[in-house]
Amino acid sequence: MRPSEQLSKRKPASRVRAGLAVCCVFAGLHGALAAPAGEAILPLPQAARQDPAKVALGRRLFSDARLSGDKRQSCAACHNPAAAQTRTQAQPRPGMLDAPTVFNAAFNFRLYWDGRAATLEQQAGSAIENPAEMAARWADVLRTVEQDADYRRGFSAAFRDGVTRANIEQAIAAYERTLTTPGSRFDRYLRGDYGAISAAEREGYARFKQAGCVACHQGVNVGGNMYQQLGVMEAYPDRDAAARRFKVPSLRNVARTAPYLHDGSAATLEQAIGIMFRYQLGRPGSKEDQALIAQFLATLSAPPGAQP
Ligand code: HEC
Ligand code: HEC
């Protein structure tokens, strides 16, 4: 049984303790981290070094609209680098999923809302054909890339076997692994710079922990390390959503990734926090709790690449 499955059967109070255990297992995975003892949230580690030639190819592929079925939208159309790599407008159609941020996706234990992809390579492979993403065919994508002389040269230089599906997946994943944001004010605070966040933001963090948000949003990504239902303490009105398990989303850069929830149904951060209080914790959060927590969450934003 996965730790997450055990967690989802527990009541919130014990889940907080179990959550701390999970976070420490994850801390171990990510190596030596200067985390204050007992913190449920850990600073992001430095990104693993990537081959610059692969990163350059991946960056170009990521914003190349010719890779999509209709040749009109690149990965960046929905994972917009200027908006923490997410789509910021409301969902075009009911039933569509909100595009998660690609920032720090490298630190999620699985990818997609339902966690069906295990690695960034696997995700990139499926993004090409997923009707909700690129809606293309791999045969067409390979032809497009092979017919481009710059790509051909770049792939021959970066890989032994030139343009292949596996190499395209690797190049995109290498680029995505550079999109980490370890330079947030909150990371500086966790690393010991007490003044990096204000008194109100520290109070917001205290309430985030007291309320039990850390039972699910924890570890280096403040999420992204377990599955949970929506409606743990009170049945969520959307029965279809209530019946599913979601990868708990990372809250890093969350102040910049509206709209919220898997279906984009919460327009503001305060609204999303209110839903969490009611359905995940079983009590209404006060206006003050919600505002302070929103202020704390805003300290989790940073541009990619900026170092602590
Ligand atoms: C039309 C919008 C759209 C396009 C274009 C698109 N995506 Fe996505 N992306 C999504 C949506 C929606 C999801 C969530 C789908 C799901 O969970 O089933 C997603 C999920 C992801 C995730 C998972 C993040 C996580 O933490 O779970 C990654 C990584 C990703 N996309 C990368 C890409 C790449 C690489 C491309 C281009 C090859 C791409 N996307 C093209 C909309 C898009
Ligand atoms: C029982 C686990 C659990 C608890 C406790 C919990 N969350 Fe969540 N949180 C989730 C899940 C699962 C989702 C995704 C739900 C969805 O998308 O429909 C989520 C989504 C969110 C989102 C939206 C993120 C996005 O990118 O769309 C925010 C913001 C959030 N939670 C904040 C909080 C805060 C603040 C608290 C405490 C008041 C909290 N959560 C408590 C599991 C939890």
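Glycine too: its Cβ is placed from the backbone N, Cα and C atoms.
Taken straight from TrEMBL:
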type    : residues                       : note
SIGNAL  : 1-34                           : signal peptide
DOMAIN  : 53-180                         : domain 'Cytochrome c'
BINDING : Cys75, Cys78, His79            : heme c 1 binding site
DOMAIN  : 199-301                        : domain 'Cytochrome c'
BINDING : Cys213, Cys216, His217, Met276 : heme c 2 binding site
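Structure coloured by features recorded in TrEMBL.
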residue: Cys75; record: heme c 1 binding site; DSSP (3 states): helix
residue: Cys213; record: heme c 2 binding site; DSSP (3 states): helix
residue: Met276; record: heme c 2 binding site; DSSP (3 states): helix
Query raised in the report: Pick from His79, His217: which of these binding-site residues has the biggest number of other Cβ atoms within 10 Å of its Cβ?
Result: His217
Requested in this report: From the binding-site residues listed here (Cys75, Cys213, Cys216, Met276), select those whose CB sits under 6 A from an atom of ligand 2.
Outcome: Cys213, Cys216, Met276
Report task. By Cβ count within 10 Å, point out the most packed of the binding-site residues listed: Cys78, Cys213, Met276. Result -> Cys213
Report task. Consider only the binding-site residues Cys213, Cys216, His217, Met276: which of them have a Cβ under 6 Å from an atom of ligand 1? Write none if no residue does. Result -> none
Query raised in the report: Tell me which residues of the chain lie with their Cβ under 8 angstroms from that of Cys75 (heme c 1 binding site), as long as they are six or more apart in sequence?
Result: Leu61, Phe62, Ser63, Leu67, Val102, Ala127, Glu133, Met134, Ile172
Report task. Sorry to bug you, but what's the C-alpha spacing from Cys213 (heme c 2 binding site) to Cys78 (heme c 1 binding site), rounded to the closest Å? Result -> 28
Report summary line: Cys216 (heme c 2 binding site) to His79 (heme c 1 binding site), Cα to Cα, whole Å, comes out at 24
Query - Tally of residues which DSSP labels helix, strand or coil - the domain 'Cytochrome c' (53-180) - result: 65 helix, 4 strand, 59 coil
**Report entry** Residue pair Cys213 (heme c 2 binding site), His79 (heme c 1 binding site) - Cα distance, angstrom, rounded
**Finding:** 26
